[in-house]
Amino acid sequence: MSRRRHSDENDGGQPHKRRKTSDANETEDHLESLICKVGEKSACSLESNLEGLAGVLEADLPNYKSKILRLLCTVARLLPEKLTIYTTLVGLLNARNYNFGGEFVEAMIRQLKESLKANNYNEAVYLVRFLSDLVNCHVIAAPSMVAMFENFVSVTQEEDVPQVRRDWYVYAFLSSLPWVGKELYEKKDAEMDRIFANTESYLKRRQKTHVPMLQVWTADKPHPQEEYLDCLWAQIQKLKKDRWQERHILRPYLAFDSILCEALQHNLPPFTPPPHTEDSVYPMPRVIFRMFDYTDDPEGPVMPGSHSVERFVIEENLHCIIKSHWKERKTCAAQLVSYPGKNKIPLNYHIVEVIFAELFQLPAPPHIDVMYTTLLIELCKLQPGSLPQVLAQATEMLYMRLDTMNTTCVDRFINWFSHHLSNFQFRWSWEDWSDCLSQDPESPKPKFVREVLEKCMRLSYHQRILDIVPPTFSALCPANPTCIYKYGDESSNSLPGHSVALCLAVAFKSKATNDEIFSILKDVPNPNQDDDDDEGFSFNPLKIEVFVQTLLHLAAKSFSHSFSALAKFHEVFKTLAESDEGKLHVLRVMFEVWRNHPQMIAVLVDKMIRTQIVDCAAVANWIFSSELSRDFTRLFVWEILHSTIRKMNKHVLKIQKELEEAKEKLARQHKRRSDDDDRSSDRKDGVLEEQIERLQEKVESAQSEQKNLFLVIFQRFIMILTEHLVRCETDGTSVLTPWYKNCIERLQQIFLQHHQIIQQYMVTLENLLFTAELDPHILAVFQQFCALQA
């Protein structure tokens, strides 16, 4: 006893307080676990688990109400695949505690407003859907939900707002109807008919210029590539025609109907959609990806038709599972294969279709590409007897439809397939694709196989690739990735610069300094120099050729050796590549040396940009140069260009961030300054203001470079496409060659992959390049891009 009293006297009973805090934290963690895990595998039925959990939460409401409210709002937003489980739980709590139900509805409306304000429109859709399902659980009165949807659809009447804003509010309304349409129509049929009429009127008049840019395939056979709102409208129309009967949504609240129907309902507070502002960023439109139908799995359960609302519900739930668990591939795969009602549908077909729908989504997949590869590998391990066969069937279908597949999606298909093969000993029935051997090498199928084998080599080695494919495929196999050194054999003795190359080789091996290399290069004659030009500073292609060829040849052992060589002789590179022609020639020579090793080319270009040996505009000009025309449609070329653009964008963002931080620091300094005359503060302000001025200049310079890079790229695209179109018109041949398809879709790809940056320069692009006089084929791409956020 005395020990306890001594403790109480000395620290005021703190251990007791800590114990109370610890107990409270444990209880909160326990509540979080119970709420998050409800609906997962359990010995008891879902209904009894929900009833038990409602009892536990009700008992804890007096002490943990705010925590419970916060948790339920969070799961409504983040676990949409368990939507009806949580709405039932809220319904049971509302039946037991009416005030809590009201507070929950208010909290959800607050969260919805915050999500819309923060441009979290995808989460806002789930919140709207959750609120609508609360009508089924007798938490929210149907008339107030109808009034909210009426306000949503009234956005279609707004003037001077982007179409994507109107689209989102229509989508939020339509996508909730599979859950609540029946209940709303029973209670308020006249009002619902009016909302439907307004929706139909809007859908008929909205523009769909953007659709070609977002389609995975240009052909509509065997499956139409429908715009997402058109497809959803058709599904809802069919559902309405079927008297709102759907057979796939889990509705646990039906088991509690006798309890829930006695509960008092809440009216939603009047909800006015927040007005459009300059900062509003709405989701882009989409095109619905279709790959399978009921004929693809004749023996299993029937796959719902493309305009069946069950197809929408299943796909939506699978997308939600991936969204919730994409960071944990094992959990994600397990959740997908244990999907409720899996025995009623061909689940593996749905899973594979949904994963490819995300992987091929334009402009970008929801998650990083490699996630889909690892998820499919995990699914193959979980379902070894069935899923690999469906995946092989899907791969075959994609291969068969390569002729009309969007080039960006072909790139992703190449990257996925090569990575997938590397995890399964590169086993594939290549003979089944031997039809590609008799086709034009530039047509999509042989091109696809060549690119896949090249990517496989990056994940393996050259001889392994030769061993895995039949000898008949040798023409499509990648070249041996060795260095080509033009001064290396006896026949090169007569080449200009040969003797200097030998001297350089000796100097490099002797660990020569930059000055010693300059001394050796000093006497290299300049084929471009006039006899009366004594300056010696003009661009000297031979000097660059001898130096770059010899250095890269001696450093060819590995990436690391090459990087070390660039670093050691950085000063020489910078001097030789001082002019724009010099930078371009360094890239040309590097390409000649490593022509057979695309990966080495990519990493060397990356390193040269980072170390400022070449700039981004030089890389863009090199890619569109005549020297690269033979390789212009190869994947590695476009990977280099996109990597170059990303580097430029990161550079601009980095300086902008530094400027913002400096401005914030100055603002904080002003705030802290006392009323006294503090001269040291003035001095600090002066230093910061100078720094801000310098950073402002750097930002403007970087943005100018960024704009110039895009101008160079688009200008070169316009030039080569115009040349092709004129040539075809002159010769009387078809414009639609494999080269043209690839090139015009690469132009689309630039717009899509960098849309957020390019939108800053739209006025400049429209005034300087994409003018009304431009050929309609090229101008159409720009117009499609403009329509994406119109």
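Glycine is no exception: its Cβ is also placed from the backbone N, Cα and C atoms.
According to Swiss-Prot, the protein has these features:
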- 3-20: motif 'Nuclear localization signal' (MOTIF)
- S7: phosphoserine (MOD_RES)
- T21: phosphothreonine (MOD_RES)
- S22: phosphoserine (MOD_RES)
- 28-240: domain 'MIF4G' (DOMAIN)
- S201: phosphoserine (MOD_RES)
- K204: N6-acetyllysine (MOD_RES)
- 643-713: coiled coil (COILED)
- K684: SUMO2 cross-link (CROSSLNK)
- K698: N6-acetyllysine (MOD_RES)
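Cα of K698 (N6-acetyllysine) to Cα of S201 (phosphoserine): a distance of 50 Å.
The Cβ of S201 (phosphoserine) has T156 as same-chain neighbours under 8 Å, each 6 or more residues away in sequence.
Among the listed modified residues, namely K204, K698, the Cβ with the most fellow Cβ atoms inside 10 Å is that of K698. Across the residues of the motif 'Nuclear localization signal' (3-20), the predicted structure has a mean pLDDT of 45.
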